[in-house]
Amino acid sequence: MCIWRNSTFELETFAPSILHKLAIIEVPIHSLAAYVVLVKTPSRMESVKWMMFTMHICGAYLDLFLSALSTQFFLLPAAAGHSQGLYTYLGIPVKWQAYMFISAICLAGVSILGFFESRYNALVKGKGTSVLKDKKRLFYIGGHYIYAFVFILPITFTPPDQVYGMWYVRQMLPCVPQEVFNHPDFFIYAIDITLLTWIIGIAAFVITSECIYFFTRIVLYLSSTKAKSQKTYKLQLHFFIALTIQISIPLAVVIAPIGYIVFAFVASHFDQALNNISLNMMAFHGLISSAVMLTVHKPYRQAVMKMFCYTYIYKTLHRASVHTEGTIVVLSSNRA
């Protein structure tokens, strides 16, 4: 099915009009979150500091990629379209921007997997050593990061003939206006999306399955009585609950757009308004993740409150103290 309504939501300017402005808000929030993780992480959380930072950076990069670096205008379920943003301004070809987009999504997933693996290794296995000091873990996590960069390269290096590809996409999407295809940066990433779908689908399935495995093992451990002490158990439980909330809330935001994209590919359904709206929703993932991280983890929440509220509270209390002392002095003088 091919739907085109000639609405504002379908224009190539729709996403940039929102996401480019959103980037102005994202940069300071992501920077604050990175600073808090690096500088304000307490000693008891030192073992998770760098995994938290890596997960934050991957999510923030995906966020800024969509909102400012390479805002996508893709005609899903056709693997075709163009990009708008800083990378386009710098002259980076659209096919490499598409490669970076897919890789960024995979990197965000691998960073979450790395964090769960780290918690599993520390809690269930009782090995709190750094991944850099454990060759097996380094090979496992490092291999996943390498995979995130290379798994989509076979499609990137074998683009179809653009003349034939343009004709094919026109036949596939007859409702799309000709001016969309006339864009100077319009690019056909792939004609037969079967291979592309399988490559992305397998990557998503494998990483998700591994995350679920580690998550389940951690939950089973925390449900048992293996913790060394009640205090240790409470700290581990509270941190894991906060981590789960930190990951779950942003994921809940992107479930709907990802579900639509999967539906679009499976059912060969085209609706550019929903394509653009889904893109906008996905771009909020990192922003929400940073905000939730700074809220649900008590040390980070306290650090932010101290940074932004300390001056106000101090001045308020100081004024109240001066006022009270002044009143006491006056009352004492009157009694004298």
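In case you wondered, yes, glycine gets a Cβ from its N, Cα and C as well.
Since this is a predicted model, take the numbers as computed values, not measurements.
Among the ranges 277-296, 297-316, the stretch that TrEMBL annotates as transmembrane segment is 277-296. Relative to the transmembrane segment (186-216), the listed stretch 96-116 leads the set 50-76, 96-116, 137-157, 237-265, 277-296 in CB pairs under 8 A.
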